[in-house]
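Participant: My structure is below; once you've seen it, I'll send some questions.
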């Protein structure tokens, strides 16, 4: 069962409000004839029916995916409205239009990571001849950093508002939920409700951080929703959770001069190549981030001095405790689908995760679509949501048939030493194709610019996974080192073009770069040869 | 009607802005210095004028509009012009209509759109 939509691939104008699809498709010829007559009439009626909806498309959620779909839809002539509302975090943080990425995700994270890299560069610069007074007395001013970051975010919020207004997309600061499959109620800040009707509805509400059910978590904990606008410097911080958000936060906090500890329940960077994940953790540990493995927090208490006493349990069920200034939960995110009152339209959710199992972004309710972090088993990444939203709008309003390809999407973890990857992990490649069918190439390398400041190169490591036989198509590429995102993006395009290992080897590198290491890779894991570089360069 | 103020030059501007309390609604219109004929040397500023007049008709009585003449053409065209490099004003375009102490601003021909001016005046989020 492929697309639910393909049956109705005619002009979008005619298939709003279509009769509920029933299971009894075994109709007699006579019935078919009557049906098709009825259909003609219905299509005529639908033209008028369209007038009764306020919008062609109503988007719930003004984040990356929702806004991309809205903009594309108006460009194609549709009448569009966007509802966006940020429920305050448990500690009271809110933000403006634009969604997670802009306000409490990719953007502030990348800026704080950049702040961390600059701090590192100040220390290195002395080795390159810069007369830095005393690098050890150089401190980061948390207030100055958060103000700069927040100002950037606010200017993006505003530019987004201006863009929507200019494009004639109606924006409402309201929390939307379903009344019926064409009607959305929007609850405004003042409690008033406004009713919207639309032919098509796009769910793009994204998700928010989860909190564990332990005493003190909601009262004293914070999350990625709060860290980027925290009024006071975080101080000694415990990050609970070792997904990419946890590692990135612990990474930049440590680099900015705060004592940072990561509490890992089971494994680091679940879903990522585990050899690469452990290398990243190792590198962070080398830089001073503490790791507590196989531990679960059990209680957070506020002491008289305002600091937080955290209790946790290890795998032997031993309890431990330590004092922190800040406890940041990064244990996962939950989609905001329950808030939509899905029961009112019979919208099906995956019971365990409350996510939406859409087929080509279409939910089980034919005129209701979904993009972004609410989608079941799809990468929770801004560019994925944007691309899916844009393609969906083109299919709805531009007669396009192009579908979103969720495979081979590259991503990067902005840990202090970054990790970029595209395609399969080693584990996934072995599980899918079998160890005999694949070849794993790997290499350690030494970035040229690391020599003078004597930076540690022990975790600069790359890996290429390819078919062993046939065309030796490349299945996955993994890179740990500086500028990993910039390195991996181009290779992602190559993989999209069916890059083969011989083609990779036939590519001439750019010297001296870190990306060229992929063109030099030759040692296979199977050979057992040392993947460490023999000499300094070339 | 909005309370209007008129200022010329960089130092004067920053000195003048100290008069306002943080909770006041202050809007700043940055435009090119006026020529002897009473019109700014910057044609886009001249074009925006009637729209800004119109847009501000509905502004609250307690709101302030500070019209600042940043300088003559060579002063503005210099990429080191202090209005450009200052981290608060960080001007890129003339005219710019900004809400003081926020990141909200309309640049260039955005100042000729009544609904954008209205949005700048009424938007409550910061």
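Every residue, even glycine, has its Cβ placed from backbone N, Cα and C.
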Participant: The NAD(+) site in TrEMBL includes A:241, A:242, A:243, A:244, A:245, A:246, A:247, A:248. Which of A:176, A:306, A:332 is also listed there?
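Facilitator: Answer per TrEMBL: A:332.
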Participant: Between the Cα atoms of residue A:110 (FAD binding site) and residue A:101 (disulfide bond), what distance do you get, rounded to the nearest Å?
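Facilitator: Rounded to the nearest whole number, the Cα-Cα distance is 10 Å.
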Participant: What does the structure give for the C-alpha distance between residue A:176 (FAD binding site) and residue A:243 (NAD(+) binding site)? Integer Å is fine.
Facilitator: 30
Participant: Out of A:176, A:241, A:243, A:332, which of these binding-site residues shows the lowest number of other CB atoms within 10 Å of its CB?
Facilitator: A:332
Participant: According to DSSP, collapsed to three classes, what secondary structure does residue A:176 (FAD binding site) have?
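Facilitator: DSSP call for residue A:176 (FAD binding site): strand.
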Participant: What's the longest C-alpha separation between any two of A:241, A:242, A:243, A:244, A:245, A:246, A:247, A:248, A:332, the listed NAD(+)-binding residues, in angstrom?
Facilitator: 14
Participant: Across all the protein chains here, work out how many other Cβ atoms are within 10 Å of the Cβ of residue A:245 (NAD(+) binding site).
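Facilitator: I get 23 for this one.
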